[in-house]
Amino acid sequence: MNILTFGPNGSGKGTQGSLVKKKYNLAHIESGAIFREHIGGGTELGMKAKGYIDKGELVPDEITIPMILETLKAKGGNGWLLDGFPRNMVQAEKLWEALQKEGMKLDYVIEILLDRQIAKDRIMGRRLCANDPNHPNNIFIDAIKPNGDKCRVCGGDLKTRSDDQDEDAINKRHDIYYDTNTGTLAAAYFYKKLAGEGKTKYIELEGAGSIDSIKETLLSQLD
């Protein structure tokens with residue numbers, strides 16, 4: 001089973017992806033990690049990418065997509081779940097073409113729907129436990145709301161990440177994601193159109209629900 005996921009930062013996309021990965025024993029492949037692995041490993045593609053990154057430039061799709069395909073083939077023997085790519089319409093088209101050329105099927109595309117303001121609130125509401133960063137706390141999500149200013153799990157002190165409080169940075173990321181003309185949602189709709197043609201399956205999930213309710217709905221729609 002091969003899956004592509006879409007959802008704004010704050011939608012719980014990573015959480016649901018991890019749950020699906022565990023249930024179906026998929027390789028959870030995140031685009032940022034691919035860059036780190038290739039650069040850290042000193043691969044030819046990684047060094048080319050590093051040259052652009054060091055100059056503060058975007059890595060061209062002609063480098064990024066081969067890196068992704070190489071990783072999918074190397075780690076996705078039992079299936080894969082790709083997170084964080086494509087981020088725009090052009091990348092969506094190029095990735096689809098590359099998958100077709102390699103004979104790699106795309107079984108499902110998952111989109112988690114979430115209002116932009118709710119997504120922003122969730123990001124800014126994140127709190128990190130000083131004892132264990134894996135203890136989820138968020139002042140805007142009832143199920144994981146902290147106990148006052150203490151961790152809901154262990155009672156430890158809480159802190160915030162500086163980038164979670166940077167409204168300008170959050171808005172810029174969301175400007176790209178919610179752009180239905182050329183941005184990430186345009187990419188998602190490209191695959192939705194393919195699903196309408198029977199070339200893949202498209203699952204839409206309402207992200208405002210609880211983690212468990214979203215999980216149940218998602219798993220019920222996966223074969």
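A Cβ is built for glycine as well, from the same backbone N, Cα and C atoms used for every other residue.
In the three-state DSSP reading, Thr15 (ATP binding site) counts as helix. Within its own chain, Thr15 (ATP binding site) has Ile211 as residues 6 or more apart in sequence whose C-beta sits under 8 angstroms from its own. The ATP binding site annotation in Swiss-Prot covers Gly10, Ser11, Gly12, Lys13, Gly14, Thr15, Arg126, Gly209.
Positions annotated as region 'NMP' by Swiss-Prot: 30-59. Long-range contacts of the region 'NMP' (30-59) within the same chain: residues 66-68, 70-71, 82-85, each at least 6 residues beyond the stretch ends and with a Cβ under 8 Å from a Cβ of the stretch.
Annotated AMP binding site per Swiss-Prot: Ser31, Arg36, Glu57, Leu58, Val59, Gly84, Phe85, Pro86, Arg87, Gln91, Arg161, Arg173, in sequence order, evidence recorded as sequence analysis. Around Arg161 (AMP binding site), the same-chain residues at least 6 positions away in sequence with a Cβ under 8 Å from its Cβ are Arg126, Leu128.
Taken from Swiss-Prot, the feature region 'LID' applies to 125-164. Panel annotation: around the region 'LID' (125-164), residues 118, 170, 210-211 of the same chain, lying at least six beyond its termini, place a Cβ under 8 Å from a Cβ of the stretch.
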Cα-Cα distance, maximum over Gly10, Ser11, Gly12, Lys13, Gly14, Thr15, Arg126, Gly209, record's ATP binders, Å: 17
Integer Cα-Cα distance in angstrom, Gly10 (ATP binding site) to Ser31 (AMP binding site): 17
Other C-beta atoms that fall within 10 angstroms of the C-beta of Ser31 (AMP binding site): 16
